[in-house]
Amino acid sequence: MSKSLNFQWIFDEEFGLLRHTTHRAFAKNKLAKMRIAGKHCHPRFLLDFVPFFKWFPRYNIKENLMNDIIGGLTVGIMHVPQGMAYSSLAGAQPVNGLYTSLFPALFYMLFGTSRHVSLGVFAVVSLMSGSCNQRVSSILESKAGNGTMLDAIDEETRMQTSMAILTSLTLCVGIIQIAMALLRLDFLTALLSDQIIAGFTTGASVHVFTAQLNKILGVPLPRHSGAGKLFFMYKDLISSIFAGYANWFTFALSMGTIITLFLVKSYVDPLVKKRCRLPIPYDLFVMIIGTVVSYAVNLNARGTTTFFFEKTACRIPSPSVPDVSLFGYLIGDALAIAVVSLVITVSMGKLFAKKHNYEIDVRQEFYAMGFMESFCSLFPIWPASTALARTLVYEASGTKTQLATVFSSLLLLAVIFFIGPFIEVLPVCFLSCIIIVALRGMFVQLNAIKTLWPISKADCMIFIVSFAATVLYDVVEGLMIGVVFAAAVLVFGILNAKVVEIGRLSHNEGQTYFQPIEKYRDAAISDGVCCVRFSSPLVYINVEHFKKGVEQVVRLPALERRRMEDQKERELTLKNSRKDTTATLRSVKIIPPDTLEKKYSLVEVKHEPIRAIIIDLSTVPYVDVTGANCLIEIIKDQRTKGVNVLCAAAPLEVLERLQNVLGSEDIEMLSRFYPSIEDALNNVDPEPVAKDCA
């Protein structure tokens with residue numbers, strides 16, 4: 001093949017590159033497809049949004065039913081204490097926690113594609129909902145104009161206001177998730193990296209832990225929100241203790257429960273698991289024992305607070321439409337909750353789908369979560385999400401399909417209709433003890449700092465900033481700060497990407513590789529040729545850095561730097577040898593050290609002048625207009641210095657951008673692009689290019 005056939009544009013024509021259609025043609029094509037889809041829109045197409053009707057008719061009763069019954073009842077037992085305990089985080093009643101565990105799981109069974117995730121209450125989302133509830137309640141009270149704090153209003157009115165806010169928040173979250181699905185924004189879940197999620201959830205766990213302290217001490221506290229929330233909460237807590245408001249009987253009862261539950265879960269449970277495959281519901285045992293003790297010794301008379309399970313709550317509530325006029329106050333919190341719940345649900349779904357060899361539809365998960373939240377907002381609940389612990393138990397207990405939700409829901413209905421009134425004297429401190437012990441798994445995530453620091457300091461800092469911002473500020477704001485900081489780290493990485501000189505490495509079997517000369521001693525390139533690589537998008541924020549990097553490499557190629565360093569090292573060895581010799585042979589003239597330093601600092605290795613630069617674009621995934629103009633400017637600038645610049649192995653998207661900027665008529669400039677580095681090397685002129693003085 002002749003040299004000219006190696007040009008990129010000749011290569012594209014030779015092998016039939018399929019050109020992209022114009023934006024107008026692309027739009028017409030999409031509209032045509034939509035019209036065709038509309039003509040064929042029949043019930044089967046609509047049922048794609050309800051996967052339940054696809055897998056349920058093929059349900060294998062013999063293989064799956066018993067596993068689903070066991071898994072459903074096991075997780076249903078977990079739903080009861082968690083639903084009632086996390087209600088305090090959201091600012092709702094315990095029965096609302098049971099509703100939040102009941103309805104979302106049933107709707108997800110219809111719309112979801114994961115077989116193992118457990119929808120319901122989740123500590124972090126409950127805390128975010130409670131923070132929003134508290135903030136909006138304060139705003140509504142201040143707008144009432146009577147100057148009365150919310151705490152002074154009777155309990156029934158306060159709960160009605162809280163549930164109105166929470167149901168509106170749930171609907172807002174659902175609408176946002178459906179909108180994200182319609183706009184195909186499922187890629188947004190990638191914005192929350194593992195480090196952001198870990199730092200944020202650990203920081204949120206500190207808030208959850210702090211919110212339980214006043215309950216285990218029996219101390220009523222005012223509510224706070226915003227920056228320094230935890231500081232003010234601890235300040236009020238300490239003041240109340242020194243003022244003598246603490247109930248030490250409640251505290252002793254709580255500490256005994258926490259220590260016992262922690263020891264049992266940490267040391268006894270691992271031994272039990274070796275003999276029993278099913279998880280033991282220790283939290284439920286705590287509730288039962290707490291209720292029995294409360295009845296036996298009349299804890300109310302000792303000042304220990306119990307919650308009131310209304311007799312009217314022993315039913316399924318009638319649906320009602322949420323107040324959409326509150327959306328203006330809720331949109332920021334709803335967006336954060338929508339993204340967090342989606343990220344957790346999708347990540348857990350992918351984890352177990354991979355383990356059990358099936359696939360989930362990420363976009364359908366967006367629809368499923370959106371439909372679930374929207375429909376469930378008709379009932380008195382707060383936003384639901386996948387719970388990590390329950391999902392692990394779901395899978396460990398052998399659950400095969402989401403039909404297990406039916407059996408966990410039956411158990412929840414039994415609690416709501418029949419058992420609820422019998423546990424109305426359960427002390428609130430027992431529920432707080434369950435939450436505190438459950439957080440031990442979250443705080444273990446702090447070990448990530450020690451693990452991440454030696455691996456990636458940038459990822460470690462993302463974790464630390466997300467954690468610190470959530471602790472020092474508040475949950476929603478902490479999440480946003482973590483996302484912004486992670487984006488800043490990403491931009492900083494793009495801004496400071498290095499231009500490295502690469503050389504050829506030849507294998508015995510004939511393969512050729514190109515790797516950094518500074519990293520591989522055997523890497524080399526032809527004399528007078530400099531080959532550079534830039535592993536980053538070339539965009540407006542780093543074009544100047546790229547230009548300077550190319551100029552620096554051309555000014556003193558890495559191969560010559562390495563030769564100079566080797567020469568200096570050899571002469572330094574010779575210098576030390578001479579010092580030893582002069583110490584022994586005094587007749588030899590001693591050369592002053594400063595003369596030596598001057599001599600060796602001026603060492604230069606003669607090398608052939610650079611006549612060609614090859615820019616490897618294979619690791620440049622994207623180029624904007626500024627980046628394209630930067631490449632063109634480098635080509636023209638080096639041509640005035642008699643240096644020929646060639647570009648190699650550019651991705652098609654980068655080539656299309658460059659061709660759009662250059663225009664198809666600029667054949668001379670297009671002829672500087674080659675399909676591979678080898679093609680570019682083969683087309684380097686043996687003689688220097690004549691300087692262009694234009």
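Numbers here mean position along the shown chain, with the first residue as 1.
Any Cβ shown, glycine's included, is placed from N, Cα and C.
Curation plays no part in TrEMBL annotations; they are all automatic predictions.
The range from 226-243, 280-297 that TrEMBL describes as transmembrane segment is residues 280-297. 280-297 is the stretch from 163-183, 280-297, 366-389 with the greatest number of Cβ pairs below 8 Å to the transmembrane segment (409-439). Through the fold, the transmembrane segment (65-85) approaches residues 94, 97-98, 100-102, 118, 120-121, 278-279, 281, 283-284, 286-287, 307, 387, 389-390, 393-394, 397-401, 403-412, 415, 431-432, 434-435, 438 of its own chain, all at least 6 residues removed from its boundaries and within a Cβ separation under 8 Å. The listed stretches are 163-183, 245-268, 326-346, 366-389; of these, 366-389 has the most Cβ pairs under 8 Å to the transmembrane segment (105-128).
Contact between the transmembrane segment (326-346) and the transmembrane segment (280-297) is not supported: fewer than 3 Cβ pairs lie under 8 Å, counting only residues 6 or more apart in sequence. Of the recorded ranges 163-183, 245-268, 280-297, the transmembrane segment (366-389) has the largest number of C-beta contacts under 8 angstroms with 163-183.
Long-range Cβ contacts of the transmembrane segment (163-183) within its own chain (Cβ-Cβ under 8 Å, at least 6 residues beyond either end) map to 90-92, 96, 129, 132-133, 136-137, 140, 320, 322-324, 326-327, 330-331, 333-335, 337-338, 341-342, 363, 366-367, 369-384.
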